Ligand SMILES: *Cc1c(COP(=O)(O)O)cnc(C)c1O
């Protein structure tokens with residue numbers, strides 16, 4: 001028998017979450033029209049698998065990612081709609097694939113503009129020019145934006161580019177600071193320039209749907225996790241797309257003073273039963289999750305004890321006194337235990353845990 005750890009990915013959750021985001025965006029549109037959605041599937045679809053995401057997001061308007069190889073996998077999986085490379089190309093050779101596979105590419109740096117100028121493209125390429133509106137990660141500065149746009153417009157006039165759109169990325173859509181300052185910078189830099197606009201990640205799509213423009217770019221919400229520290233996925237109507245599950249493979253009876261795991265980080269205060277779960281940091285479970293991190297055993301919420309090992313972790317069987325080896329365990333994504341609950345306990349965010357599920361964990365795709 002293989003180790004009992006596995007993950008399930010729900011196709012229904014993908015399409016449900018896409019609908020939740022779409023309804024928010026559409027309800028806020030002043031023109032009664034429909035927002036288009038780039039489903040962001042970077043990082044192997046936030047750990048869920050590119051091919052599963054292509055199937056689950058069949059009703060998205062486009063797919064967005066960073067990696068050319070992931071874009072090619074989308075085409076090979078049968079996706080014929082738009083594909084956006086969020087960081088654009090990294091070298092001249094990438095433009096061959098952009099042309100061959102009909103990809104849309106971000107242009108965030110003068111070098112990328114130069115490569116587009118020099119390239120012999122087999123067809124007109126759609127691009128999104130990226131503005132640095134204040135996050136100071138990628139994008140042209142507001143001062144350089146009009147010049148970069150003029151460069152792209154010249155290529156467009158020569159028939160070498162198709163659509164030239166505008167994009168930026170918000171750094172504080174999930175906090176009290178909001179998007180106002182960056183939005184103002186974006187509006188000023190793009191005033192009077194034609195072309196579609198793409199602004200909103202999940203947090204902005206859900207909190208500021210009225211500014212979404214032509215194309216929203218939600219990621220995390222589509223996987224059923226929350227982009228917010230103060231609002232749960234469940235309260236947003238989102239459903240977890242991934243559940244991480246395993247079983248107890250052993251139990252121990254402790255006396256007062258007995259320690260659990262490496263470093264003896266947890267010590268029993270009195271007699272207690274401990275369960276050993278086949279899940280460790282080599283499966284992607286966070287090693288820095290402390291004692292108290294929630295775990296569900298046999299349908300009952302209990303807690304992690306001591307340090308997470310490479311292949312195992314220990315749990316308190318106090319709330320589940322009858323649990324034996326073989327009892328089912330949910331690490332996250334089912335039975336009321338969200339990946340965000342685990343992430344919060346471990347001092348990180350759901351994004352990181354989902355992306356980190358290890359290749360050795362078998363993943364099953366379900367309806
Ligand atoms: C990752 C990413 C997104 C999606 O962000 P979420 O917070 O997961 O919704 C959108 N746009 C860009 C440019 C990104 O890199």
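First residue shown is number 1, and so on along the chain.
Positions of Cβ are set from backbone N, Cα and C atoms, glycine also.
Annotated active site, proton acceptor per TrEMBL: 42, 262, in sequence order. Look at TrEMBL and you will find 137, 310 tagged as substrate binding site. Annotation source TrEMBL lists domain 'Alanine racemase C-terminal' at 241-366. Under the heading N6-(pyridoxal phosphate)lysine, TrEMBL lists 42.
Structural mapping of features recorded in TrEMBL.
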residue : record                       : Cβ within 10 Å
42      : active site, proton acceptor : 18
137     : substrate binding site       : 10
262     : active site, proton acceptor : 12
310     : substrate binding site       : 12
Alpha-carbon spacing, residue 137 (substrate binding site) to residue 42 (active site, proton acceptor), which is rounded to whole Å: 17
Residue 310 (substrate binding site) and residue 262 (active site, proton acceptor), distance between Cα atoms, whole Å: 10
Residue 42 (active site, proton acceptor) and residue 310 (substrate binding site), distance between Cα atoms, whole Å: 26
Secondary structure content of the domain 'Alanine racemase C-terminal' (241-366), with strand meaning DSSP E or B: 20 helix, 48 strand, 58 coil
DSSP-derived structure type at residue 137 (substrate binding site), helix or strand or else coil: coil
